[in-house]
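For reference, the structure discussed in these notes is given below.
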Amino acid sequence: MGPDFEIERELGGLVAGVDEVGRGPWAGPVTACAVVLDPMQVPDGLNDSKKLSEARRDALAMQILRVADVSLGWASVEEIDALNIRQATFLAMRRAMDGLTTPPTHALIDGNAIPPGLSCPATCVVKGDGRSVSIAAASIVAKVRRDALMKELAVMHPGYGWETNMGYGTAKHAAGLHHLGVTQYHRRSFAPIAKILCG
């Protein structure tokens, strides 16, 4: 069984699903997305973005952007290094929520922690992208948009494999760091990068 609209229906009102992508990579921002779906226009096939092919994610993201209230929030590498990844993720989620056209009455947050300072009540939903279509939609748009950014950065900084690893720690990424060094898009607070900088 995939995600459904049950949690949203029980809560009533305007419910935003919120998810993030990019907590673990060595490079690039963390990206959050908030989505308020129209219950009459829920795209078919919504699921955890990790369970979908890239082509399917891209197609669904286009549909979601057409029929839903969607807002993205980003926290930069500098903010990640200054705040830590947990707090930077919360910041990105708040930015995503604040960017919605109509303020929601409730937020469903994927995971087990609610960002402080949200503009409405919120509920954590563990593995929410597999349970709530709103969170699934947010996970899809967040991943598609962050992946697109990492592919753009890969053109500017070839040799790290960002076009395929999206900034995560892979053998190619490690080899790129060894041969080419650290870029402005690397998270200096993350151990593999800090170790190189300490030399």
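Placement of Cβ uses the backbone N, Cα and C atoms for every residue, glycine included.
Swiss-Prot names Asp19, Glu20 as divalent metal cation ligands; from the candidate set Asp98, Asp110, the record adds Asp110 to that same site. Looking only at the binding-site residues Asp19, Glu20, Asp110, the densest Cβ neighbourhood within 10 Å occurs at Asp19.
Taking the centroid of the Cβ atoms of Asp19, Glu20, Asp110 as the divalent metal cation site, the other same-chain residues with Cβ within 8 Å of it are Val18, Val21, Ala32, Cys33, Met93, Ile109, Gly111, Gly128, Asp129, Ile135, Ala138, Ser139, Ala142.
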